[in-house]
Amino acid sequence: MHLFFNKFITRNSSLIQFVKQYDNCLGSREQVERESDAADFHTVISCATKSSIEAQFQDVYTHQKFREVQAQFRGKANCITRLTNSALGYSVYEVGEQVSSSIFNKFVVTYDSVAVEVKCQCLLFESRGILCRHALSVLSFEQVSQVSPRYILERWSKKVKRRHTHIKSSHDEPLMEPRSKRLDQLVFRSQNICEFASESEELTAFLHRAYDNVMAEMESLKAKRKGTSSLSHEDANLESVNELQSPPRIRTRGRPKNRLGSKLDKQIANATKKKKTKVLSELICECYIQINLFDAASVVHSNNIQYQGHVMNYQFTVLAAVDNSLGV
C-alpha cells in the first residue's frame, strides 16, 4: 500500500491534494487493468512445453497468472514419478523432486481417475489456486490431456467480468463509457421500483415475475442481434484509455532522509552540536591556560636557579676572603 501511494502523495501533501491524487491513483490503477486486458486479448505467450494441459491454461488464464503456471510446467522436468499403490481407479504416487545434485524432496500425490481429481501433499492449489509441478507430473504419467474445470478458476480468467468497472467515479467522469451511463440511469430507476415493490409480498412477487419475463425477452433479443452490440469492457483497447501524467518516481527503499520527526531531530542535533562546541572551546581554553602556567613556571624556575647560582658564588667568594685573611 505504501509503495503504491508513494508514487502520488508525500508526507507534505495537503488534504485537498490527497483527495485529488487519490482519484489519480484509482485512474492509474484502472488504466493498468485496461492495458493488461488489451494485452491478454491481443497477444499470446508461447507455451514452454508441448503439453495440451498447458495450452488449455494458455487459452483461459491471464498473462500474469499463466506465467506462474508455466513455472510449474518447467519445474515438472525435475520430478520423477513412481506409482506406489493403485486400486479401483484410485492411485497413490510418490513424486521425487530434485532440488540439487544429490537432494530429492518426496511428495505424495493421489489421483482419482473416476472423478478426474488430483491432490498433492504440498497443497499449492489450495493455497495459490494453481496446480503444482508434482500434480502435473502425475497427470502427464496418467496421460491426461485436459484437466477438470475445477482446476481452472474463474478469478484468473481473462474473460472475467469486473462489475466494479461500471461504477461511476470522479476520475473518468468526462470520458464515461456509454455502458456506464446507461447502468447509472437503470440503477436510479430500478431503485424507485424496488422501494415501491418492497411494501408488500404481492408486489414483490409481481416484480420478480416481471424481472423473469423481461430477462427472457432481453436474452432472445440479444441472440437475434448477436455481433451488433456496443463495445464492451473486454473489447476496450488502449486508445480508449485516458492517459495520465505520472508524477516523478520517489525512492521507496530504505529509511527516508527526512522523517516525520525531522524538526525534533534537527533541534536535538543542533543542541548536541552546540554542547560539543562549548566543551571543545572550554578544553582549548584550559589547555591554553595550562601552557601559559607551564611557561611561567619555567621562567620562575630558571630565575630561581640563576639566583641560587649567584648566592653560591657569593658564599664561595666570602669564604675565600676569610681564608686569605687567616693565612690558610
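Keep in mind that glycine also has a Cβ here, set from the backbone N, Cα and C atoms.
TrEMBL entries are annotated by machine, without manual review.
Source: prediction; values computed, not measured.
Taken from TrEMBL, the feature domain 'SWIM-type' applies to 107-143. When Cβ-Cβ distances below 8 Å are used as the criterion, the domain 'SWIM-type' (107-143) is approached by residues 51, 53, 65, 68-69, 72-73, 75-76, 78-79, 81, 83, 89-97, 150-151, 153, 155-156 of the same chain, each at least six residues removed from its ends.
Here TrEMBL flags 225-261 as region 'Disordered'.
Sequence annotations record features per position, and here TrEMBL assigns compositional bias 'Basic residues' to 250-260.
Per-class residue totals from DSSP over the domain 'SWIM-type' (107-143), listed helix then strand then coil: 14 helix, 10 strand, 13 coil.
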